[in-house]
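Engineer: Heads up, here are the entries from Swiss-Prot:
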- 61-186: domain 'EXPERA 1' (DOMAIN)
- 217-351: domain 'EXPERA 2' (DOMAIN)
- 10-30: transmembrane segment (TRANSMEM)
- 34-54: transmembrane segment (TRANSMEM)
- 63-83: transmembrane segment (TRANSMEM)
- 111-131: transmembrane segment (TRANSMEM)
- 140-160: transmembrane segment (TRANSMEM)
- 170-190: transmembrane segment (TRANSMEM)
- 219-239: transmembrane segment (TRANSMEM)
- 269-289: transmembrane segment (TRANSMEM)
- 332-352: transmembrane segment (TRANSMEM)
Amino acid sequence: MDIPPLAGKIAALSLSALPVSYALNHVSALSHPLWVALMSALILGLLFVAVYSLSHGEVSYDPLYAVFAVFAFTSVVDLIIALQEDSYVVGFMEFYTKEGEPYLRTAHGVFICYWDGTVHYLLYLAMAGAICRRKRYRNFGLYWLGSFAMSILVFLTGNILGKYSSEIRPAFFLTIPYLLVPCWAGMKVFSQPRALTRCTANMVQEEQRKGLLQRPADLALVIYLILAGFFTLFRGLVVLDCPTDACFVYIYQYEPYLRDPVAYPKVQMLMYMFYVLPFCGLAAYALTFPGCSWLPDWALVFAGGIGQAQFSHMGASMHLRTPFTYRVPEDTWGCFFVCNLLYALGPHLLAYRCLQWPAFFHQPPPSDPLALHKKQH
């Protein structure tokens, strides 16, 4: 997978978030939630106009360029918020976390800001750079799509269902377009042609003739997917208040964060159970039986989603903003960390396997009628 150069123009534009946020933080009129929402919408609108004016050719070639440019700006804002909440910087975004979206001050909110300000930011620059040079960015787009969708679905649902539901301000409604963007962007990314592979028909036939036992790496991934599926189901039952002793011990001694009334961990586990659990079963099937050409794409999507989710979940479980009673106990910290780290790494190994050795997932080549006729006679 080729890594496209980063978009310098968008990088420079996104860094304007630093002086803008600092200046707005000292405007006394922004102490009212409605003014915060209106000013935020105005800034994003002006930013979109600026991007369209400065990069009309790129936007005409691929409208997602404008989306990536605006989101790169918001990623820098999110990184500022995370650094501010952890007391690394001061005087930038206090007005927004107080009057705009106070739930960003939770441990979960801090870590999704860290992820958005680092991983998503680099993805935006890479994808925008690819558009500038008329190159493909399909694989980066699929990973971003999964990560972005998981982040926004868990965060918005947790805001509505958790203890911060009474703290929803007008700025919350600015996130509604964030629900629509993944749908549109997903269709655009999936419609892009796949990168060409060097798999010949003979290579595909040879690879697809091998059984699962002849492919030890795939066998290991299937075993992982089965174990991950059981772990996903178990944690889903835990947050659904399953009365068994195993669930009781786990939620109190291993992951008490699942009881946190902010609701983000509960929503996250249910997302895993309803979406990741079926994917584990389907992926295990695709690694066993050849010709499942859908797996490489969806492996990237789920790798992005699970990577983002596990980063936020693990970080929030140990962060000081999480009440002490809901943090991971010291005596079970090692078990918690290893299990959750493996849960995050597995989908990335699956995606890497699918991208590097895709022959097994290609559609079987059509049989040669002439060769078949000679064989029969």
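Every residue number used here counts from 1 along the chain in the order it is shown.
Note that Cβ sites are derived from N, Cα and C of the backbone, with glycine treated the same way.
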Engineer: Would you kindly list the residues that approach the transmembrane segment (63-83) from elsewhere in its chain, counting only those six or more residues past its ends and only Cβ-Cβ distances under 8 Å?
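Structural biologist: Result: 7, 10-11, 13-18, 21, 44, 47-48, 51-52, 55, 89, 92-93, 96-97, 104, 110-114, 116-118, 120-121, 124-125, 127-128, 131-132, 141, 181, 185, 188-189.
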Engineer: Over the span of the domain 'EXPERA 1' (61-186), count residues by DSSP class, listing helix, strand and coil in order.
Structural biologist: 105 helix, 0 strand, 21 coil
Engineer: Within the domain 'EXPERA 2' (217-351), how many residues are helix, strand or coil going by DSSP?
Structural biologist: 110 helix, 0 strand, 25 coil
Engineer: For the transmembrane segment (140-160), could you work out the same-chain residues 6 or more beyond its ends whose Cβ comes under 8 Å from its Cβ atoms?
Structural biologist: 4, 64, 103, 108-109, 112, 115-116, 119-120, 123-124, 126-127, 130, 168, 172, 175, 178-179, 181-182, 185-186, 188-190, 192, 262-264, 267-268, 271, 297, 300-309, 312, 351
Engineer: By Cβ distance under 8 Å, which residues at least 6 away from the ends of the transmembrane segment (10-30) in the same chain are close to it?
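Structural biologist: Answer is 36, 39, 43, 47, 50-51, 54, 68-69, 72-77, 80, 91-96, 99, 121, 124-125, 128.
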Engineer: Could you give the mean pLDDT over the domain 'EXPERA 2' (217-351), rounded to a whole number?
Structural biologist: 96
